[in-house]
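**Q** Here's a structure for you.
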Amino acid sequence: MPELPEVEIILRGISPLICGRTIVAVGGSGKQLRLPLPLPELNRDASGKEITRLERRGKYISIFLNDGGILVLHLGMTGQLGVFPKEQARAKHDHFWCRLDNNQEFRYNDTRRFGSIRFLPAGKSRMLQESLYQKLGPEPLGETFTADYLRRAAEGKSLAIKNFIMDSHIVVGIGNIYANESLFKAAIHPARSVQSIEQEEWEKLARCIQQILLHAIDCGGSTISDFVNAKGGQGYFQMNFKVYGKKSLPCPHCQGPISSEKIGGRASFFCPSCQRL
């Protein structure tokens, strides 16, 4: 599943290719995504509109139109975005496309079809967008994401720390890969209760999460199976994994074997010596 770094990389790659372009027509494969594809509304209200800017909120990408309408995309498990010449044959799992005024097509490809595309019409878009985002936590690379915020958010909770930082109501965009890597960098066992985390550990964890995410963005994201950027290229942060997917391999710090167990239903990787429970 694309996490924050992958979505950010896609946004950065797509933005210069579609901003300033006008949507000429929209279309779809007829196969349903996680939500029904609003093709009638898009054909009526988005055609003829200029794309003015793109924004990311967590794992959502918002495409703003010049009349105030907003197209909101979530990539789900296997979603990909790209821009192609209209003459180029569409791929098997291209389920949505926008024809642009420069004879290019902006295409959404999704093998497993767990992603979603919403259209927020002008006049209601801001209200609907705020409703969509109101339960999301802060951006981990934003100013409000601090150790004090994490400590306060953990009050009264008994979650494992890994489940806590993967909860989008607490903080957005941190999936399984970056939760594992951040906790290893912070030397915190993923199964520890949030109530056991000391203030200095909150400070270290907040810092490590930001460092890991920024490093991943610099590396173009992580390509495990499906992720490619807007130009079809792969990320290479996976070459920097310290624990994720490395069960029984030596810890890069102490050389002891990396362990793995299910926490919150997700595979968790950690060094039992460097990350004590």
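Glycine too: its Cβ is placed from the backbone N, Cα and C atoms.
Relevant sequence annotations retrieved from Swiss-Prot are reproduced here:
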type	residues	note
ACT_SITE	Pro2	active site, schiff-base intermediate with DNA
ACT_SITE	Glu3	active site, proton donor
ACT_SITE	Lys59	active site, proton donor
BINDING	His93, Arg112, Lys157	DNA binding site
ZN_FING	242-276	zinc finger
ACT_SITE	Arg266	active site, proton donor
**Q** Based on DSSP, name the secondary structure state of Arg266 (active site, proton donor): helix, strand or coil.
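**A** Strand, per DSSP.
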**Q** List which of the recorded positions His93, Arg112, Lys157, Arg266 have their Cα within 10 Å of the Cα of Glu3 (active site, proton donor), in sequence order.
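**A** Candidates kept after distance check: none.
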**Q** By CA-CA distance, flag whichever of Lys59, Lys157, Arg266 among the recorded positions is nearest to Pro2 (active site, schiff-base intermediate with DNA).
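**A** Comparing Cα positions, the closest of these recorded positions turns out to be Lys59.
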**Q** Mean pLDDT for the zinc finger (242-276), rounded to an integer?
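**A** Mean pLDDT for the zinc finger (242-276): 97.
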**Q** Give me the CA-CA distance between Arg112 (DNA binding site) and Lys59 (active site, proton donor), in Å, as a whole number.
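**A** Cα-Cα, rounded: 17 Å.
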**Q** In Å, rounded, how far does the Cα of Arg266 (active site, proton donor) sit from the Cα of Lys59 (active site, proton donor)?
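**A** Distance between the two Cα atoms comes out at 19 Å.
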**Q** Within 10 Å of the Cβ of Pro2 (active site, schiff-base intermediate with DNA), how many other Cβ atoms can you find? Include all protein chains, please.
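**A** Looking across every protein chain shown, the total is 24.
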**Q** Tell me the Cα distance separating Lys59 (active site, proton donor) from His93 (DNA binding site), rounded to the nearest angstrom.
**A** 20
**Q** By Cβ count within 10 Å, point out the most packed of the binding-site residues listed: His93, Lys157.
**A** His93
**Q** For the zinc finger (242-276), give the DSSP counts of helix residues, strand residues and coil residues.
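**A** Helix/strand/coil tally for the zinc finger (242-276): 0 helix, 12 strand, 23 coil.
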